């Protein structure tokens, strides 16, 4: 199991991180927010497709035998490692490449809120939430948790789906 996790989590991490770097460059250098987000999400999905290929390879190498729980363990391991890679690279990017990310993100959120049609107390409540998020984001543990929680659901869903699709117990 370990060799499949190591090999395919490396592939997943590489795809996710490369797409993340491209996404960051598009956002920071070219102000291409929609393209940046699209590439980021595509990278997550492409990277986590390695889970399916890992399980398919494991099943082939084990003569068609792939119990659901074994498939789930492999898939979840790859998902967690890929998610940690994404999170660690974002922490490094945030620190050295894009330290003003939250300022830009908050300004974008505030501009959207002001044109959303909200007024009065409802608008102020939402503006306060943006300010609170920006303040919390200064804490690296909060930032780590938020970043990890952005990507890990994709990996978990793909791991569950791939384990369900490819599961096959030995027949007597």
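All positions are counted from 1 along the displayed chain.
Glycine is no exception: its Cβ is also placed from the backbone N, Cα and C atoms.
All TrEMBL annotations are machine predictions without curation.
For 12-30 (among others), the entry in TrEMBL reads transmembrane segment.
Outside the transmembrane segment (36-55), and at least 6 residues removed from its termini, the chain residues within Cβ reach (under 8 Å) are 4-5, 7-9, 11-16, 18-20, 22-24, 26-27, 66, 71, 74-75, 78-79, 82, 86, 151, 154-155, 158-159, 162-163, 165-166. Marked as transmembrane segment by TrEMBL: 36-55 (among others).
Taking Cβ pairs closer than 8 Å, the transmembrane segment (76-98) reaches residues 5, 8-9, 12-13, 16-17, 20-21, 24, 27-28, 44, 47-48, 50-51, 54, 140, 143-144, 147-148, 150-152, 154-156, 158-159 in its own chain, all 6 or more past its ends. The transmembrane segment feature in TrEMBL is assigned to 76-98 (among others).
Among residues of the same chain six or more beyond the transmembrane segment (141-166), those with a C-beta under 8 A of the stretch's C-beta atoms are 16, 44-45, 48-49, 51-52, 55-56, 59, 66, 68, 71-72, 74-76, 78-80, 82-84, 86-87, 90-91, 94. The transmembrane segment annotation in TrEMBL covers 141-166 (among others).
Beyond the ends of the transmembrane segment (12-30), by six or more residues, the same chain brings 36-37, 39-40, 42-44, 46-48, 50-51, 78, 81-82, 85-86, 89-90, 93, 97-98, 151 to within a C-beta distance below 8 angstroms of the stretch.
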